[in-house]
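Asker: Got a structure for you, written out below as structure tokens; questions coming shortly.
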Amino acid sequence: MGRGAGREYSPAATTAENGGGKKKQKEKELDELKKEVAMDDHKLSLDELGRKYQVDLSKGLTNQRAQDILARDGPNALTPPPTTPEWVKFCRQLFGGFSILLWIGAILCFLAFGIQAAMEDEPSNDNLYLGVVLAAVVIVTGCFSYYQEAKSSKIMDSFKNMVPQQALVVREGEKMQINAEEVVVGDLVEVKGGDRVPADLRIISSHGCKVDNSSLTGESEPQTRSPEFTHENPLETRNICFFSTNCVEGTARGIVIATGDRTVMGRIATLASGLEVGRTPIAMEIEHFIQLITGVAVFLGVSFFVLSLILGYSWLEAVIFLIGIIVANVPEGLLATVTVCLTLTAKRMARKNCLVKNLEAVETLGSTSTICSDKTGTLTQNRMTVAHMWFDNQIHEADTTEDQSGATFDKRSPTWTALSRIAGLCNRAVFKAGQENISVSKRDTAGDASESALLKCIELSCGSVRKMRDRNPKVAEIPFNSTNKYQLSIHEREDSPQSHVLVMKGAPERILDRCSSILVQGKEIPLDKEMQDAFQNAYLELGGLGERVLGFCQLNLPSAKFPRGFKFDTDELNFPTEKLCFVGLMSMIDPPRAAVPDAVGKCRSAGIKVIMVTGDHPITAKAIAKGVGIISEGNETVEDIAARLNIPVSQVNPREAKACVVHGSDLKDMTSEQLDEILKNHTEIVFARTSPQQKLIIVEGCQRQGAIVAVTGDGVNDSPALKKADIGIAMGIAGSDVSKQAADMILLDDNFASIVTGVEEGRLIFDNLKKSIAYTLTSNIPEITPFLLFIIANIPLPLGTVTILCIDLGTDMVPAISLAYEAAESDIMKRQPRNPQTDKLVNERLISMAYGQIGMIQALGGFFTYFVILAENGFLPSRLLGIRLDWDDRSMNDLEDSYGQEWTYEQRKVVEFTCHTAFFASIVVVQWADLIICKTRRNSVFQQGMKNKILIFGLLEETALAAFLSYCPGMGVALRMYPLKVTWWFCAFPYSLLIFIYDEVRKLILRRYPGGWVEKETYY
């Protein structure tokens, strides 16, 4: 990854070879990035390192040389991912998906108006109005959804940290603070506890340095860093520090071996931004829906075009009819309805701590069938907590809950007093200042995670650790190092004025080796074989729980030999460190969050497979997986079965094990077929010790199985997987910027349980969108049939274009949106995730219900009203057939009705427009029933109840609007709507009732005979 690595990725070299095959090149680069990190700097000796980078290991680079390298390599910063320009985003909203249908409609309208204007003397302006309205609808809705997304991305931008990072470099022998962006390859850099590592470093000297690699590898434990080469894999060796990880304690010096995009972190970020993102399921649904609607529209249009030519219309009139029918089929209000429904759900999710970045992701979460979750910080609290102690030869359980409501143990034993004193004194962690009023478990600490856990545990059970330290002042200490694996300090004893106590903690087996006695019930007894076995059992048991175990021992130094003021020498040890007294063990774990087990259970009953993918140890990963229920009670892995039957693992049939823990190093050597085999045959899977590249491979594996995959994660290492998944979920509090950019949704409270709420909302909106669409499409039939009869039977036009718009954009809007607030019919979280291949948003059954059944009854209601009004005015239905040409003839002012009365053109038109208004009112009346039956797809409306207040408001609103349009003075001029006799409103009532009864009977049959032909034909 050093100087030579820059050339591996030079795109220029590859493009020349494939003759500009951009796509191939991109795939090649992605495969490059998917490979594990390749570098050899960690294997070089210090002299070789100095030669390779032409740098003096004590004085650093010269200023001039640093300038040259900076000019050559560019600044040490990650290239920001290519963002979509705002105007492109806006155009996507304006011309994407559903809007295209409306645009085509608008263009056809202008076309028809153009034809009419050219051919007729006094063309009607209907088509012009219609075109303008359609265009306006698209533009307004487009602006609305653009505004919604812009709002989410505003919140996103506020996450970015604006503080420029500083780095401490040595150049020409002088230490200097520079901006981290100016660090170059070969620079000599110093880091200390609390710093962010400014670039990839090869360590050349260190003092107790530990780094937190969790954002890169997912290990929650701080890792020691020292100059020794300890591992072939650069990610595991101790002598490399990675860009943007944090140094937790100690100090180190290192040589920069890679900067910016060439760092390990940079490669992962590049990998994430280079991934092709698939379309969201809802986008595909809407596309499928548009194809269906367009199919119906074109079929109707063309068949009536041919029919009108046969009936002897001129081809021009036939074209106008064709356009009219296609436009009448376009549900103008639906685009707005879908957008508003998704927005409402997004807002509801934001209140429940899920921030959705793009509206379409709302539904994706509902169709999720696999969740790949990160462990650290998502399933767990991301803070080490003391879980168990072993003293007086028994294991005691500590309280690991978030709100301190869990187990307590007997604190009266003198051994516990001794153990808590060692844990408090032999400990360098401290609480940061000014947090007195915050609960202990929530306080920030300075120091190593394990020590902080001990500090909090002792503070909670024994009171102030600071006072304990003040009463027992420290006189000497040896900090923890990796060779002797212990930490030791000597304190003046508060309980005897002359003497000192030596306290020590460290790796349990190392501590036990230094002890000759053990403290039981406050008395020292010799450490015999029996006690050693007891220790061994306790150590194995706690280790097997995936916990990190520390041993504690002490020695009361005799005051005769070591009086107060004695100079302890920690280099030439002038005090005993053997024959100590063993006191006990304490073990720590990063405990699961309180709400997670419940959430995992809900996922399981919802048919969602939860897979844990973590960089942590297999044992810890398995322990947490069992703790949160990802591996459920009684399910065994191959290893468990082998241990139970006492046979080697190779003899167990892997198919017998439901659960499975896969190690990253095994995953590395697997073919995709083997991975598919694992994903297929095991229901409960944990991947441990995985690298970021492997996360990506796992996600792709799940997608090959046809799953819709959600991935949660917070580290930079999760970003490629977040981007590749169908929906990426990042953590709002602990998440890194890179992961938030790659994600589609952000959990503001970092809680896995919020995902379950998201799934529920996503499933609900899918159901409710179906209902909304069914409701909206139904009124299409009573809008189209008048036009068809006008062509075939030559009757006066029963319903005008303007009135159609009043229905689609006026009365139908609020009721359609109100269905988004409808409560779930059954327990949504008990059914399997929908299959995107078979379970579509709009299917043939929905179309047949809306168009073929309910829509037809509605049309009958409208025509009934139309014929009643004309008959009351003297035109009986028999007289109307074939009257159209005379009726629309301006020069004909003496048209006779069935009773011989003569009608002028103006009088006829008033009656015609009154009919339009009445037809419109009838549609409103039958849409009442349609709205109520659309509340449920299977249950009876009486089971569901009328709890949806918005829906009741919608019913009242559409009625009030219809009445207003009919009776408001001046409407006759503006929209050609005329006042109606009260009785005419009631003509459609029987049809409304018929719709309600028809559908209730249908749903009754559905419930009585599940899977019968009624369900096959009508259950949408």
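Cβ coordinates are placed from backbone N, Cα and C, and glycine is handled just like the others.
OK, Swiss-Prot features for this one:
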ACT_SITE  ASP374  active site, 4-aspartylphosphate intermediate
BINDING   ASP714, ASP718  Mg(2+) binding site
COMPBIAS  212-227  compositional bias 'Polar residues'
MOD_RES   SER10  phosphoserine
MOD_RES   SER439  phosphoserine
MOD_RES   SER450  phosphoserine
MOD_RES   SER496  phosphoserine
MOD_RES   SER559  phosphoserine
MOD_RES   THR570  phosphothreonine
MOD_RES   SER587  phosphoserine
MOD_RES   SER672  phosphoserine
MOD_RES   SER826  phosphoserine
MOD_RES   SER940  phosphoserine
REGION    1-31  region 'Disordered'
REGION    212-231  region 'Disordered'
TOPO_DOM  6-85  topological domain 'Cytoplasmic'
TOPO_DOM  107-129  topological domain 'Extracellular'
TOPO_DOM  151-286  topological domain 'Cytoplasmic'
TOPO_DOM  307-318  topological domain 'Extracellular'
TOPO_DOM  337-769  topological domain 'Cytoplasmic'
TOPO_DOM  790-799  topological domain 'Extracellular'
TOPO_DOM  821-840  topological domain 'Cytoplasmic'
TOPO_DOM  864-915  topological domain 'Extracellular'
TOPO_DOM  936-948  topological domain 'Cytoplasmic'
TOPO_DOM  968-982  topological domain 'Extracellular'
TOPO_DOM  1004-1020  topological domain 'Cytoplasmic'
TRANSMEM  86-106  transmembrane segment
TRANSMEM  130-150  transmembrane segment
TRANSMEM  287-306  transmembrane segment
TRANSMEM  319-336  transmembrane segment
TRANSMEM  770-789  transmembrane segment
TRANSMEM  800-820  transmembrane segment
TRANSMEM  841-863  transmembrane segment
TRANSMEM  916-935  transmembrane segment
TRANSMEM  949-967  transmembrane segment
TRANSMEM  983-1003  transmembrane segment
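Show me how these features fit into the shown structure, please.
Answerer: Secondary structure at ASP374 (active site, 4-aspartylphosphate intermediate), as computed by DSSP, is coil. Its own atom aside, the Cβ of ASP374 (active site, 4-aspartylphosphate intermediate) has 31 Cβ atoms within 10 angstroms in the protein chains shown.
All protein chains included, ASP714 (Mg(2+) binding site) registers 29 other Cβ atoms within 10 Å of its own Cβ. For the recorded site, ASP714 (Mg(2+) binding site), the DSSP three-state label reads coil.
When Cβ-Cβ distances below 8 Å are used as the criterion, the compositional bias 'Polar residues' (212-227) is approached by residues 46, 203-206, 235, 238-239, 241-242, 244-250, 252, 264-265, 268, 374-377, 380, 382, 384, 448-450, 482, 548, 590, 614-616, 690-692, 714-717, 736 of the same chain, each at least six residues removed from its ends.
In this structure, SER450 (phosphoserine) is part of a helix by DSSP. The Cβ neighbour count for SER450 (phosphoserine), using a 10 Å radius over every protein chain in view, is 20.
Listed in sequence order, SER559 are the same-chain residues six or more apart from SER496 (phosphoserine) with CB atoms under 8 A from its CB.
Taking all protein chains in view, 15 other C-beta atoms sit within 10 angstroms of the C-beta of SER559 (phosphoserine). When secondary structure is read from DSSP and collapsed to three states, SER559 (phosphoserine) falls in the coil class.
Take the CB of THR570 (phosphothreonine) and look out to 10 A: across all protein chains shown you find 14 other CB atoms.
In the three-state DSSP scheme, SER587 (phosphoserine) is classed as strand.
Of all the Cβ atoms in the protein chains shown, 11 others lie within 10 Å of the Cβ of SER672 (phosphoserine).
Under 8 Å, Cβ to Cβ, and six or more positions away along its own chain, SER826 (phosphoserine) finds ARG938, ASN939. DSSP assigns SER826 (phosphoserine) to coil in the three-state reduction, placing it in neither a helix nor a strand.
Counting every protein chain shown, the number of other Cβ atoms lying within 10 Å of the Cβ of SER940 (phosphoserine) is 12.
Mean pLDDT, taken over the topological domain 'Cytoplasmic' (6-85), works out to 70 on the 0 to 100 scale.
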Asker: Where SER450 (phosphoserine) and ASP374 (active site, 4-aspartylphosphate intermediate) are concerned, what is their Cα separation in Å, rounded?
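Answerer: Cα of SER450 (phosphoserine) to Cα of ASP374 (active site, 4-aspartylphosphate intermediate) measures 21 Å after rounding.
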Asker: Quick check on the modified residues: of SER439, SER587, whose CB has the lowest count of neighbouring CB atoms inside 10 Å?
Answerer: SER439
Asker: Please name which of the recorded positions listed here, ASP374, SER439, THR570, SER672, SER940, is nearest in space to ASP718 (Mg(2+) binding site), Cα against Cα.
Answerer: ASP374
Asker: Counting Cβ pairs closer than 8 Å, which of 287-306, 319-336, 841-863, 916-935, 983-1003 has the most of them with the transmembrane segment (130-150)?
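Answerer: Looking only at 287-306, 319-336, 841-863, 916-935, 983-1003, the most contacts with the transmembrane segment (130-150) come from 319-336.
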Asker: Taking the transmembrane segment (319-336) as the reference, which of 86-106, 841-863, 949-967, 983-1003 gives the largest number of Cβ pairs under 8 angstroms?
Answerer: 86-106
Asker: So, three-state DSSP: helix, strand or coil for SER672 (phosphoserine)?
Answerer: helix
Asker: On a C-alpha basis, identify the one among ASP374, THR570, SER587, ASP714 that is nearest to SER940 (phosphoserine); the candidates are the recorded positions.
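Answerer: Checked the recorded positions ASP374, THR570, SER587, ASP714; minimum Cα distance to SER940 (phosphoserine) goes to ASP374.
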Asker: What residues elsewhere in the chain lie close to the topological domain 'Cytoplasmic' (1004-1020), defined as a C-beta under 8 angstroms and at least 6 residues from its ends?
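Answerer: Those are 770, 774, 843, 845-846, 848-849, 853, 937-940, in sequence order.
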Asker: Could you check whether the transmembrane segment (983-1003) and the transmembrane segment (86-106) come into contact, where contact means at least 3 Cβ pairs under 8 Å with the two residues of each pair 6 or more apart in sequence?
Answerer: no
